[in-house]
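Structure record follows, encoded as structure tokens.
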Amino acid sequence: MQTPQYLQQRRKFAAAFLAFIFILAAVDTAEAGKKEKPEKKVKKSDCGEWQWSVCVPTSGDCGLGTREGTRTGAECKQTMKTQRCKIPCNWKKQFGAECKYQFQAWGECDLNTALKTRTGSLKRALHNADCQKTVTISKPCGKLTKSKPQAESKKKKKEGKKQEKMLD
């Protein structure tokens, strides 16, 4: 005769075994249900690299614009496309709108030419633009800007005139 403890253990083992068999059957069915997809053939592109034109602003000489791209290839679906682009308005356009330079301080005034010069080194080029590594710019010497104290004295004069008009 078997003890009740032994029978209880046997029932638990049988239940665990049946659960294990059920899980195996479910996994096998799920794998059988999956269809084997034929591998896609990797098609090597006969197309060349995209070559992009410079960014042409929609209006003015900076801001939003477009650029044209072309590529070669006998079996290319697309050989031309247009892309939106942007030319920053704070860049010096005389060196190319897609080239950003880091400039040094202005040099001393050359008395022979009456010009100051400074040099800029290339900081960044947009869209693989063809930019010079260094550039030099010049400007006339001697034009002094108005200092802040003069501007403050003008404000005081205007305020004084306003008060005189109010008194009249």
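Each residue, glycine too, has its Cβ placed from N, Cα and C.
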Annotated region 'Chondroitin sulfate binding' segment (source Swiss-Prot; candidates 15-23, 24-32, 123-131): 123-131
Swiss-Prot annotation, disulfide partner among CYS47, CYS99, CYS109 for CYS76: CYS47
Swiss-Prot annotation, disulfide partner among CYS62, CYS85 for CYS55: CYS85
Model confidence over the region 'Chondroitin sulfate binding' (92-99), averaged pLDDT: 69
Other CB atoms, at most 10 A from the CB of CYS76 (disulfide bond): 13
Rounded inter-Cα distance in Å - CYS47 (disulfide bond), CYS85 (disulfide bond): 23
